[in-house]
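Working notes, beginning with the structure itself.
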Amino acid sequence: MVGSIEAKSLQSNGSVHHIGLNLEEKLDEFRRLLGKSEKDPLRIVSVGAGAWGSVFAALLQESYGGFRDKFQIRIWRRAGRAVDRETAEHLFEVINSREDILRRLIRRCAYLKYVEARLGDRTLYADEILKDGFCLNMVDTPLCPLKVVTNLQEAVWDADIVVNGLPSTETREVFEEISKYWKERITVPIIISLSKGIETALEPVPHIITPTKMIHQATGVPIDNVLYLGGPNIAAEIYNKEYANARICGAAKWRKPLAKFLRQPHFIVWDNSDLVTHEVMGGLKNVYAIGAGMVAALTNESATSKSVYFAHCTSEMIFITHLLAEEPEKLAGPLLADTYVTLLKGRNAWYGQMLAKGEINRDMGDSISGKGMIQGVSAVGAFYQLLSQSSLSILPSEEKKPVAPVESCPILKTLYKILITREQSTQAILQALRDETLNDPRDRIEIAQSHAFYRPSLLGQP
């Protein structure tokens, strides 16, 4: 298994006994809260093996995995995903550049298969390499070894905590499957969603469905037991012990003890009650990150152009959240930082850059080899569809007649025309920024904060 608790403790601050004791105390405290008996381990499963889901599982394994009688974690991913030859060759280079990884694989009698894959004599599979600590979407950052399960029923049937590491586009389908295995459950699991994105429903009235709501609807698990963990975070950097903050959002019953349980010296987790704003912002930041990548590529990384884009896109985000919530969390602190880091760096920003540079094209879809699902693409379509409904019309001060809310979001409109209808090229994002008829972003924020356009029906509320 992974390095001992003592080794982990020494890395923290050199105090082996003290830090190890604190970890065990935190684990025992959380186990007591769940009513776990002495010989019944806390069981956590991460569903989905993208970069962040894999890193999240690895962080918990490294923290608590040494207490084997008290803690178990496993990760589920689908079987059958082959590793292509190019990735296998690169993975072999990564392994041989890291003496610690090389020694670990040799010790586990796992090195030879990577040699054979490098030579083209063997096909590796994503679930197979994940057991050795290699996430297919992040092979440059080896993780600790993980217990990988490819049978969904085996993975989740007795889990105390389920971590949703799936894209929002897959969340409902997988959790509907999970619900079949929980029909005989007596205890109610806790679910932590890492997913960013939304679904749009138009009946009986136009409204959005966030991943936590999808999970609640699919499983019947009370919404108080479904929480959202938001950044700012870049998965590889967090695993490499870059200092990071996060927020776990939801009902007080679980968010406060979970924040304490998840907190690490380099990964500080705060708790927050505003589930809606954080989850919606989680989807919106991916939308606007694609545009940020385009602007960066098209302007040769112009700091001025990127700052103009940042001003306009954040004002649109604030406008949209004020449609959804009467008093949304302010776009400040960790919430602003999460937006900033996603626009600065991440797979959605990368996708926008590569599109603008012509190194990838829209016909390749939104699932990219080595990167995984580009969740911002589907989110563009969902937010546009929702905000273009005439039944939600608003009357901005400069308009003489009501218009759909999307008319106050020129960047969102442009991204829709670039990514979804494909009627415009990536250059259109710059044209949208340079439109002389655009209002000061502050005007959009002031209108939003007047509460004049609040639409509770957008969350399916009366």
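Cβ atoms here come from the backbone N, Cα and C positions, even for glycine.
Among the features that Swiss-Prot reports, active site, proton acceptor is placed at K285. Its own atom aside, the Cβ of K285 (active site, proton acceptor) has 29 Cβ atoms within 10 angstroms in the protein chains shown. In the three-state DSSP scheme, K285 (active site, proton acceptor) falls into the helix class.
Within 10 Å of the Cβ of G48 (NAD(+) binding site) there are 24 other Cβ atoms, across all protein chains. The feature NAD(+) binding site is assigned by Swiss-Prot to G48, A49, G50, A51, W52, G53, K196, A235, R347, Q375, with similarity to another entry given as support.
What Swiss-Prot records for K196, R347, N348 is substrate binding site, and it gives similarity to another entry as the kind of evidence. Cβ-based neighbour count (10 Å, all protein chains) for N348 (substrate binding site) stands at 27.
When every Cα pair among G48, A49, G50, A51, W52, G53, K196, A235, R347, Q375 is compared, the largest distance found for this NAD(+) site is 17 Å. Taking each of the binding-site residues K196, R347 in turn and counting other Cβ atoms within 10 Å of its Cβ gives the largest count for K196. A distance of 9 Å separates the Cα atom of K285 (active site, proton acceptor) from that of K196 (NAD(+) binding site). Using a 10 Å radius centred on the Cβ of W52 (NAD(+) binding site) and all shown protein chains, the other Cβ atoms total 26. On its own chain, G50 (NAD(+) binding site) has C135, N137, G165, L166, P167, G372, M373 as residues at least 6 apart in sequence with a Cβ closer than 8 Å to its own Cβ.
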